[in-house]
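Features of the protein shown, as given by TrEMBL:
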- Arg207, Arg208, Gly209, Lys210, Thr327, Ser539: CoA binding site (BINDING)
- Gly403, Glu404, Pro405, Asp427, Thr428, Trp429, Trp430, Gln431, Thr432, Asp516, Arg531, Arg542: ATP binding site (BINDING)
- Val553, His555, Val558: Mg(2+) binding site (BINDING)
- 47-97: domain 'Acetyl-coenzyme A synthetase N-terminal' (DOMAIN)
- 101-493: domain 'AMP-dependent synthetase/ligase' (DOMAIN)
- 547-625: domain 'AMP-binding enzyme C-terminal' (DOMAIN)
- Lys625: N6-acetyllysine (MOD_RES)
Amino acid sequence: MAEGQATGRGAMAPGTEYTIEALASEERTFPPPPGFAAQAVANDRGIYARAEADLEGFWAEEAARLDWFTPWDRVLDWNPPDARWFDGGELNVSYNCLDRHVAAGRGDKVAFYWEGEPGDQRVTTYAQLLDDVGRCANALKALGVRRGDRVAIYMPMIPEMAVAMLACARIGAPHTVVFGGFSAEALRDRINDAEAKLVVTADGGYRRGKPSGLKAPVDAALADGACPSVEKVLVVRRTGQDVTMADGRDVWWHDLVPGQDAACEPERMASEDLLYLLYTSGTTAKPKGIVHTTAGYLVGVSATHRYVFDIKDDDVYWCAADLGWVTGHSYILYGPLANGSTGVMYEGTPDHPAPNRWWDIVERYKVSVLYTAPTAIRAHMKWGPQHAAKHDLSSLRLLGSVGEPINPEAWIWYHRHIGGERCPIVDTWWQTETGAIMISPLPGLTTTKPGSATVPFPGVDADVVDADGHSVPKGQGGYLVLRKPWPSMLRGIYGDPERFRETYWSRYPGLYFPGDGAKRDEDGYFWLMGRVDDVMNVSGHRLSTTEIESALVSHDAVAEAAVVGVADPLTGEAPAAFVILKLGAEPSPGFGEHLRQHVAAKIGPIAKPKTVMFTPDLPKTRSGKIMRRLLRDIAAGRALGDTTTLADATVVEQIRDASAAGKDEE
Ligand code: WTA
């Protein structure tokens with residue numbers, strides 16, 4: 001297997017527990033329970049044939065469920081890699097998420113049950129949310145934000161975050177949400193790449209029982225004129241902690257927003273107008289601003305939300321992600337609200353104050369559909385099933401998984417201890433770039449296999465190809481590709497059309513290359529095998545090895561660094577760093593910890609290497625490429641419990657041998 005194919009779970013060094021062979025031998029199958037199939041939104045297999053026979057007709061039918069100010073002229077204009085969907089149409093995303101439900105007499109329906117980590121609760125109906133969004137939209141205008149201006153959002157998971165995103169959509173000001181766990185530096189880079197005019201933030205949020213600061217990193221990001229595009233900062237008071245407010249720049253939300261008029265005319269946006277940017281890690285140090293536009297995105301997320309989660313009017317749907325990631329954008333906010341469904345939003349950590357927090361929420365709000373990530377399921381497994389067993393989870397009828405391949409053990413645990421062996425599980429494969437779910441069971445139709453994301457969504461043409469782009473026979477592994485365009489696909493990388501072509505469309509001209517390895521079994525089911533590039537998946541979050549390496553070498557004492565992803569029982573993968581220090585710097589456990597903190601400050605705590613190993617050398621090929629596979633083997637051979645390992649004789653030997661051989665790995 002090529003060097004690149006050895007990153008994710010399925011592709012670890014031979015002999016580790018999650019090899020793809022082990023996965024594909026998982027033979028239990030779970031047909032949809034008959035009662036579930038009978039009532040499902042998608043209960044007719046014909047949906048697949050229909051979409052295949054007439055892709056444009058299929059998506060046009062889905063688009064017709066939305067409200068349009070002006071209908072589209074053309075469903076699709078496809079000049080690979082440039083797609084235009086629903087050209088000529090005009091609509092507004094916030095109108096579709098709010099006004100039309102209120103106009104249809106559903107204003108009293110709950111849009112969100114929100115719960116803060118300390119236990120505070122807020123219930124927001126569609127009518128209230130529409131008013132809140134109108135006020136916020138007028139406040140944004142009062143702060144000088146105009147259609148087309150970018151707005152950065154750096155907030156805790158509080159209702160105001162959803163309000164701010166929808167207010168941006170209402171006035172046609174694209175948002176770029178930066179996850180609250182990112183550092184001041186990461187925030188600054190994203191603000192500057194997007195040239196955001198306004199930052200919406202809060203004094204802080206609650207995490208693990210303590211208030212964490214958000215305003216201070218914003219101040220640090222903006223210090224010394226580092227973000228020249230930013231004119232104003234709008235600040236929500238959430239924790240009450242002390243913050244400094246810059247005169248003329250910073251404005252309290254409570255001073256400005258509540259006094260605004262609730263009525264705000266939604267902008268008539270063209271189908272292909274920019275809805276938002278969301279930065280994600282690629283294979284270089286610079287994150288990519290993924291571009292999503294208005295109509296196709298909303299069509300994609302609303303249709304997939306409805307079919308995959310089998311959404312009915314009386315469902316209480318909980319996507320336990322953070323709004324800061326694409327899962328939150330598509331399946332907490334836009335998809336569910338476009339469908340007029342009732343959601344749960346929870347601010348904090350799953351084990352605060354105790355590991356039963358989630359199950360208490362499920363019981364109290366009678367959650368019927370739960371969508372989460374394998375890393376969270378594995379954490380619950382570790383805490384034990386007794387926490388869920390204390391609660392009445394009988395309201396649950398469907399479970400979902402996203403973010404990384406789910407190992408069959410976690411699948412079965414989820415099925416048994418959370419789903420009471422009666423709930424289908426939808427394992428959904430997709431990415432920031434795809435905008436919406438691409439490979440997933442339809443719960444009333446698809447027989448599931450633990451560990452497989454099963455089959456492409458109707459209209460999605462996925463394939464597994466070899467290095468030359470030929471489809472591999474069933475039962476073999478290769479690279480995942482998508483052959484046909486889909487409405488919610490990324491339209492580009494902000495400001496960098498060349499990188500867009502290069503990253504996704506150059507490996508196989510005309511085919512979309514997502515960067516994942518996959519295998520298709522004899523039944524045509526897809527088994528995702530992890531990334532085939534230098535992107536790691538840590539707790540379902542994408543991290544670039546290059547970005548972490550850059551953060552390490554930005555430290556004065558570091559001469560060179562290499563980072564690899566290694567298997568971790570809880571987080572899926574974990575970053576392991578190999579560091580060569582400059583002359584005069586002394587390797588020590590304390591210094592390893594210091595470097596970990598340095599990475600946290602540069603990127604964010606999620607990027608902290610789990611281990612730092614000091615070495616005198618790095619193994620390189622003759623062409624000078626770091627031999628990451630060897631480093632992965634070395635890192636995998638070590639207990640990951642200790643955070644710093646001083647190079648010992650065997651490591652040094654292995655590295656020296658490899659360097660001396662200098663053989664190319666590919
Ligand atoms: C991985 C998150 C296997 C994959 C929505 C993809 C998955 C990357 C799955 C995107 C899944 C996501 N099975 N792998 N069900 N879901 N991935 O952009 O490697 O944060 O390319 O989007 O996560 O991560 P992103």
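Positions of Cβ are set from backbone N, Cα and C atoms, glycine also.
Structure coloured by features recorded in TrEMBL.
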residue	record	DSSP class
Arg207	CoA binding site	strand
Thr428	ATP binding site	strand
Arg531	ATP binding site	strand
Ser539	CoA binding site	coil
His555	Mg(2+) binding site	coil
Apart from Val553, His555, Val558, which residues in this chain have a Cβ no more than 8 Å from the mean position of the Cβ atoms of those residues at the Mg(2+) site?
Ala551, Leu552, Ser554, Asp556, Ala557, Ala559, Ala561, Val579, Leu595, His598
Among the recorded positions Arg207, Arg208, Thr327, Ser539, His555, Lys625, which ones place their C-alpha within 10 angstroms of the C-alpha of Gly403 (ATP binding site)?
Thr327, Ser539
Report the DSSP secondary-structure composition of the domain 'AMP-binding enzyme C-terminal' (547-625) as helix, strand and coil residue counts.
24 helix, 26 strand, 29 coil
Taking only the Cα atoms, work out how far Arg207 (CoA binding site) lies from Val553 (Mg(2+) binding site), in Å, as a whole number.
30
Using a Cβ-Cβ cut-off under 8 angstroms and a sequence gap of six or more, which residues of the chain neighbour His555 (Mg(2+) binding site)?
Leu595, His598
If the ATP binders are Gly403, Glu404, Pro405, Asp427, Thr428, Trp429, Trp430, Gln431, Thr432, Asp516, Arg531, Arg542 per the record, what's the largest distance between their Cα atoms, in Å?
18
Roughly how many angstrom lie between the C-alpha atoms of Lys210 (CoA binding site) and Val558 (Mg(2+) binding site)?
33
Which residues does Thr428 (ATP binding site) neighbour through Cβ under 8 Å, counting only same-chain ones at least six apart?
Val308, Tyr371, Gly400, Ser401, Val402, Ile437, Ile439, Ser440, Ala453
Which recorded positions from the set Pro405, Arg531, Val553, Val558, Lys625 come within 10 angstroms of Thr327 (CoA binding site), judged by C-alpha positions?
none
On the 0 to 100 scale, where does the mean pLDDT of the domain 'AMP-binding enzyme C-terminal' (547-625) fall?
89
Ser539 (CoA binding site), number of other Cβ atoms within 10 Å:
20
